[in-house]
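Read the structure below first, then the notes.
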Amino acid sequence: MDPVLSNKNQFPHFYRTVPNEIAQYDALVKLIKHFSWTWVGVLVSDNESGLKISQILQKEFALHGICFAFLEFIPYHDGLDFVKRMQIARSLSNSAANVIIAYGDRDYMLTLQLILYMFPISEKVWIISSQWDVASGFDYYFLHYDTFNGSLAFALHTSSIPGFEDFLLTLTPDDFPNDIFIYDAWWELHGCVWKTNTTDIKCNGTEEIRKVNENAYKDISFYSYSIYNAVYMLAYTLHYLQLQKKEQTHGAHNIEAWEMHKYIKQISITGSDGNEVHFDENGDMPSDFDILNWIVYPNQTLDGIRVGTYSQNSSFPELRINESLIQWSLTFNETPRSACSETCHTGYKKKPKVGYPACCYDCVPCPEGEISNQTGRDSCIKCLINQWPNSYRNICTDKVITYLSYHEPLGASLTSLSVIFFVMTCLVLMIFAKYRNTPVVKANNRDLSYILLISLKICFLCNLLFIGHPLQVTCILRQTVFGVTFSIVISSVLAKTVTVVIAFNATRPGSKLRNYLGTRVSNSIVIFCPMMQVIICTSWLVSFPPFPYYNMDDVVGMIVAECHEHSSFGFYCILGFMGLLAILSFIIAFFARTLPDIFNEAKFITFSMLLFCSVWISFIPAYLSTKGKYVVAVEIFAILASSSGILSCIFIPKCYITLFRADQNTKNFIIKN
């Protein structure tokens, strides 16, 4: 079986009918993979052949994700000392591997049998190479085999040879009187000699092989089938060559041995098992093995049940196993497992353990955005950008599209507040319209109050542009309407503040502010300041128009439908201009707070602008640190807080006096105080 014999440079005229050992390596790998074993112990003979085998197996196993739990070299029994014996026994008993490969010939494996006799180990599945033909040898009765019960063994492929079993079991030395080998076999089997003049015990002629060993045919069939094929190949080659010679010479036709090499590779016959038998370019026949399941019976007899085959007759080597026929050791109530680490479930991947073989690993969950939809994965698969793993991280599902909706609690609450404040503003406007001729309403530019109230109404309504699925029109309008309307609000507050200052300072003798009395200054402020904001908004829309956008990055596992505003610079210019107006109003109102205004107009404006500035200064870090639909909610909250602050600080006190303190809403009260 040595692969070297296939080297035609060294052995150009060598042909074999037994498998190439390379095929056994492949069969061994396929058998281990069939049962998903990845952690195996290996025992090989302690010689040059064993070292070579261990190196080849290690290389082949590594290619298929199989690791050595341990590797031990079995010495020849003459070299077995106590230390080595204990070392091997300890490796076998301490290893977590449930599968042990014993690869070596019978002489070296006898040492293993001795070790197992002294240190029985029954909780393992053994895989035996074909070189250890224990089921066909005469050490059949030597030691007990309980350790190997349920093991799997490779054996040379065999098949029934027509008539050979009857021939063998009825054979006597008289059938072939000139064959000395039969006489020797008779002595070995029956302990008698056949019809000779020696003083040894003579056979009486009734001896039969069948009576000595019922399994005699099975014992030698491992070799007989290969010999049968070899003989037939030679016979067909000779026959073919003889026919060729006869046609060419028309007479005597001697055949030389060297002439057979040309024709033997061309011969193809059908074996008794129905498979094609032929030699390839290396002089090898297709390498076939039987997979035997060793069964140890209570009387310590051993039987090998064929449970599978390995064949190279097809284009690709094929392993077939009938698992229903396998009887495992009583230690296992199901197909044994042998792994350094358990198979990782879906949703997990392998993480190698430092300092351990590749088969030893920890199972860790897949990272965010990745899945593992198969067991035993080395790595996870990243989901598409519009997908996200489910909770088990084994399926990529479409991301949920989210936005601030009217139907969710937050969206409904903000909508309700916007409507409530809008209604309150309408009521205040109605009160001011009804009592428009009273001193409270007339005291600080009635028209500015109307403009301010109408602007506040629009501010509350513009919140609705921020709620719901973003559209092209809402993306363009939301910041523009908010910016321009709020500029009108702040401009109106600034105009009211300037009006208060001019009104009280113009009464001083020689004051030049008398020239600015009236509505000219306030109207100019209310027109000019919003126009500046309109210019800013228009420039922004022309340069970087907002548009609906699906943001797949900011919120984990979700797609945020939002308005993409390209550059934040335009938005911050809008806020900056409003902030400038608010600060200017705050400064003027702060210095005017000591003026003798019975209705405290300047003080209320100071409070409202202080609240406005506080809200929007807090808004900026909150806006920058928030993601998803909550960015919109933060801006709506800022609009509601600042707008309601202006409404409450400037108009609620006047409504209170108008509705509940009519005695203070008279010209006489104002003159008197």
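Including glycine, each Cβ sits where the backbone N, Cα and C put it.
Marked as domain 'G-protein coupled receptors family 3 profile' by TrEMBL: 410-666. Positions annotated as transmembrane segment by TrEMBL: 414-435, 447-468, 480-504, 525-549, 569-592, 604-624, 630-652.
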Stretch of maximal Cβ-Cβ contact with the transmembrane segment (447-468) [cut-off: under 8 Å; candidates 480-504, 569-592, 630-652]: 480-504
I'd like to know if the transmembrane segment (414-435) touches the transmembrane segment (604-624) in this structure, counting it as a touch only when three or more C-beta pairs sit under 8 Å and are separated by 6 or more positions. no
Determine whether the transmembrane segment (480-504) and the transmembrane segment (414-435) share at least three Cβ pairs under 8 Å, counting only pairs 6 or more apart in sequence. no
Mean pLDDT for the domain 'G-protein coupled receptors family 3 profile' (410-666), as a whole number? 85
